[in-house]
Amino acid sequence: MTSPIFLHKYVRDLQFFLSIRRRNRCCRFTRYKYKSKEACRMESNAFRLRVWLFLSAGNETFERLASFGLMANFMVYLQSEYHMNQVKAATLLNTWSAASNFAPVIGAYVSDAFIGKFWTIAFGSFSSLLGMIIMTLTALLPQLRPPPCTHEGQLHGQCVGHNKAQLGILIASLCWLSIGTGGIKPCSIPFSVDQFDLTTEEGRKGNNSFYNLYYTTQTIVLLITQTVVVYIQNDISWAIGFGIPALCMLFAIVLFFVGTKVYIYIKPEGSVFAAVAQVLVAAYKKRQLNLPSDDGQFYIPPFSRSLLPELHLTRQYSCLNKAALIVGDEVKQDGLCENPWRLCSVQQVEDVKCLINIIPIWLTSVLGFLAMNQQGTFTVAQALKMDLQFGPSIKIPAGSVGVITLIAIAIWLPFYDRVVVAALEKVTKQEGGITLLQRIGIGNLFSILTMLVSGFLETERRLSALSHGGTDGIAPMTVMWLTPQLILIGFSEIFSIVGLIEFYNKQFPEHMRSIGNSLIYLTFSFASYASSIVISVVHDVSARHGSNWLSDDINTSKLDYFYFLIAGISSLNFLFFLFCARRYHYRSSVKLM
């Protein structure tokens, strides 16, 4: 928790910054807006970091508290209040998750091409608030959900199901939440990184630690939502449990707009997708030409002359270099190109090469996240059939078992960032201790190990439940037996997700940072779709052979077989990742022509 002394510093800096007169605004860097001469002289990276922590981080914290608080226990909500069976609830949850994680790609495009990060976040915040209000109404108004049903009725499938109108309102709220995610997720990290002054050593160090700090705060928020919020939803009221995140979202919006005069704004630079298409078309039109050895024959716009050392063409994918080759009178007297579909800049060509390099790594991460998807659905189903009593008077909500993962992340991630990385850097002499791809690969190994351990633990849990023979089907095993698999998936997230976030943000050019950051959510989207497909295929195929692996009764199903299958798929994917990682060239390591 922030101490009063540090909070006083944030308030003091904020008051100073807001006191600067509007008429003195003059930017030190032409790409920035709303910075006065006095602010430019007084600013330091420590000052910028404190202002960001007070406003931007505060907004993100409350936004995440709202979104995670709404969805932390959603699987239980669908089964208990909408009377959905396990497969249907998991499919709906995976489909919504996939749509929410695909939306950031659209949001990143809108941000980079049209309105910028700030207004994209603002629009997404209001959309999320609307979705949360509708979701709260489904819990508050009885006519918006099926009639109540007893626990025995749910066990025997005797509950009245939802109608089309009730399902439609529920899906409408999820759609607004997905739109909000599309606006917030791709821009929150890049917008925060914009606040660092990367021209200073302190700013670069702060940026390197930012990704671990970001995920640590996210973990703390998840820890709150899966304990306090889940307790309110299960034991007090679903309406109050959904209403609290909605209020947090409202407060996040207010806090976000308070900092409008403090933030650094970077203007959108046009569509990245159009620039990529122009390079491919121009290279194809000039495919018959031979490449010269002189760099001077390649096109660099006049405004990029000062950045010439950074704009050399690389030898990698040299066929694309023809797109920047000047032929005839393709350049006008003012230095601009005559037709952008026949002549592209050196920077455009290098940006496309960056995308081509990253795509294989991105593809491997899709199947690498399959293990994480199962922890939010079937792990809860396992917990529901285990002894949830913790001590003489505490009963753990099934939706809160993920807290174990969050505790593991909250403890290990700061230790890794401050202790392990420093020790590794002394040994490897490399920034970060290990490469980004090595970190991602370690995360993939942990995901495989997670599924193997999950399978063995599920075998023991099912045998215990069947041998016990209780009418409720609950195994005489404490839910804490799930701790090993939950800790392992936490380690997988630390290495895979944080590694990918840092990888995309560092390997993409600055003006493509929103697109790069959206790839992590596109990965989640495709992983959710892949998980839904695998669940449906396994459910249908195993049912036809008389032994349903994913039946409604988890004690008669073969969930352990399903876990082993995911482990096998993840192992094959890891081999493909190793192949792609060995062929990858970091931006700083490619050879120049």
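Indices start at 1 and increase along the chain as displayed.
Cβ atoms are placed via backbone N, Cα and C, with glycine included.
Sequence-distant contacts of the transmembrane segment (118-141), counting only residues of its own chain at least 6 positions beyond either end whose CB sits under 8 Å from a CB of the stretch, comprise 63, 66-67, 70, 77, 81, 107, 110-111, 166, 169-170, 172-188, 191, 237-239, 241-243, 245-246, 249-250, 252-253, 256-257, 260, 263, 265. Residues annotated as transmembrane segment in TrEMBL: 118-141 (among others).
Sequence annotations record features per position, and here TrEMBL assigns transmembrane segment to 213-232 (among others).
The transmembrane segment annotation in TrEMBL covers 238-258 (among others).
The transmembrane segment feature in TrEMBL is assigned to 355-374 (among others). Residues 94, 97, 276, 316-317, 437, 440, 443-444, 447-448, 450-451, 454, 489, 492-493, 496, 500, 503-504, 507-508, 516, 519, 522-524, 526-528, 530-531, 534, 563, 566-567, 569-570, 573-574, 576-577, 580-581, 583-585 of the same chain, all 6+ positions outside the transmembrane segment (355-374), place their C-beta atoms under 8 angstroms from a C-beta of that stretch.
Packing against the transmembrane segment (394-415) from elsewhere in the chain are residues 72-73, 75-76, 212, 215-216, 219-220, 222-223, 226-227, 230-231, 233-235, 375-376, 379-380, 383-384, 388, 479, 482-483, 486-487, 489-491, 493-494, 498: each is 6 or more residues past its ends and has a CB under 8 Å from a CB in it. For 394-415 (among others), the entry in TrEMBL reads transmembrane segment.
Below 8 angstroms of C-beta separation, residues 361, 364-365, 368-372, 374-375, 379, 481-482, 484-485, 488-489, 491-500, 502-503, 506-507, 560-561, 563-564, 566-567, 570-571, 573-574, 577-578, 581, 584 of the same chain, each at least six residues beyond the ends of the transmembrane segment (436-457), sit close to that stretch. What TrEMBL records for 436-457 (among others) is transmembrane segment.
The transmembrane segment annotation in TrEMBL covers 477-498 (among others). Residues 211-212, 215, 365, 368-369, 371-372, 375, 379, 382-383, 386-390, 396, 398, 401-402, 404-406, 408-409, 412-413, 416, 439-440, 442-444, 446-447, 449-450, 453-454, 457, 460-461, 464, 520 of the same chain sit 6 or more residues outside the transmembrane segment (477-498) yet have a Cβ under 8 Å from a Cβ within it.
According to TrEMBL, the feature transmembrane segment maps to 519-541 (among others).
Marked as transmembrane segment by TrEMBL: 561-581 (among others).
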